[in-house]
Amino acid sequence: MSAHANIPAGTDLLEEINRLRKERNAVILAHYYQRPELQDLADFVGDSLELSKKAAETDADVIAFCGVKFMAETAKILSPEKIVVLPDMEAGCSLEDSCPPEKFAAFRERHPDHIALTYINCSTEVKALSDVIVTSSSAETILSQIPRDQKIIFGPDRHLGGYLNRKFDRDMLLWPGVCIVHEAFSERELMKLMQANPGAPVAAHPECPPNIIDHADYVGSTSGILNFAKTFPGDTLIVATEPHIIHQMEKAIPEKTFLGAPGADGNCNCNICPYMALNTMEKLYLCLRDLEPRIEIEEQLRLDAKRSLDKMLEMAAGTVGKGDLGNPSGD
Ligand code: 13P
Ligand code: SF4
């Protein structure tokens, strides 16, 4: 049954969401890849690290998470006493799917002298099997605190891991996962766009493959890219990440032009995250009304996963808002 079927005709969704958020003492958190209307009504919009911190700090009774499942699970792990609802439980992530916990556990067993530094885009089970979690905005700070002779497994994103290996001259063992959204950028189409906009810098998320990163003037998390958009000196920026972030750029700097990097068809629509796109106003209204679907995590699993997340929050202290993996050439 579609979400609409449960909504009385004539419902003013925004009015109802605003009424319910007060009634439920709910906080609405949204990732930068959400539809503009969800970003606009959220109490807080941010990158994965910032949203985790907000979830850990909030005194709301309910967290309505406009993002994907691993993000809502992170909120529940950090705030177990809160009701955490996700508008659509099917909002997964290709990186999470690429890393089944049994296979990850077996991989760890084959490398007993390695620690597991794991990207937050993974299941709660994989977090429980990891030593330290990172986000794209905290990875650099955290990796720099790990001695160079410590052997490391990095999963599940081989592009982020490969980028960190190249930039910091490390040899982390990489799990072979990818983000289907960032994999879809076309180098050929990007070069055409760069030629058509001479001098326009390129800002890229580190989930992009190396042939896209090689063209980037700036590489960083979503909040890092947004900061770059606010400060770069030119008037046009090419953005190689999920295009919904451009909404925040256009709001903050309406006089500048932001161009989404294209996919193979020359159109950036194939770079819309299909999982993030599942969340809608209708589903947000329903989850605030019904307090379903809810994230539930078995307590021992939660505690096991919390260890690696707490380690991230401790080691990343001070990085929130910086969102920075910086310049790919390291200067
Ligand atoms: P950020 O941590 O940069 O917000 O990235 C999350 C994500 O899923 C990117 O695809
Ligand atoms: Fe996962 Fe990629 Fe979507 Fe981010 S953009 S949630 S990494 S599939």
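The backbone N, Cα and C atoms fix where each Cβ goes, and this holds for glycine too.
Some features that TrEMBL has for this protein:
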type	residues	note
BINDING	HIS31, SER48, TYR119, ILE120, ASN121, SER136, HIS205, PRO206, GLU207, THR222	iminosuccinate binding site
BINDING	CYS93, CYS179, CYS273	[4Fe-4S] cluster binding site
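Residues CYS93, CYS179, CYS273 make up the record's [4Fe-4S] cluster site, and a Cβ search at 8 Å around their centroid adds VAL68, SER94, LEU95, ASN121, ILE180, VAL181, HIS182, GLU207, GLU242, TYR275, MET276 from the same chain. Proximity of the binding-site residues HIS31, TYR119, HIS205 to ligand 2, judged by a Cβ distance under 6 angstroms to any of its atoms, singles out none of them. Straight-line distance linking the Cα atoms of GLU207 (iminosuccinate binding site) and CYS273 ([4Fe-4S] cluster binding site), rounded to a whole number, equals 13 Å. Taking a Cβ distance under 6 Å to any atom of ligand 1 as the criterion, the binding-site residues TYR119, GLU207, CYS273 reduce to GLU207.
Counting other Cβ atoms within 10 Å of each Cβ, the lowest count among the binding-site residues HIS31, HIS205 belongs to HIS31. Cα-Cα distance from CYS273 ([4Fe-4S] cluster binding site) to HIS31 (iminosuccinate binding site): 12 Å (rounded to the nearest whole number). The Cβ of ASN121 (iminosuccinate binding site) lies under 8 Å from the Cβ of SER48, PHE70, CYS93, LEU95, GLU96, PRO156, ASP157, CYS179, each on the same chain and at least six residues away in sequence. Residue annotation for iminosuccinate gives HIS31, SER48, TYR119, ILE120, ASN121, SER136, HIS205, PRO206, GLU207, THR222. The furthest Cα pair among them is separated by 17 Å. DSSP assigns CYS179 ([4Fe-4S] cluster binding site) to coil in the three-state reduction, outside any helix or strand. Most Cβ neighbours within 10 Å, among the binding-site residues CYS93, CYS273: CYS93 holds that distinction in the structure as shown.
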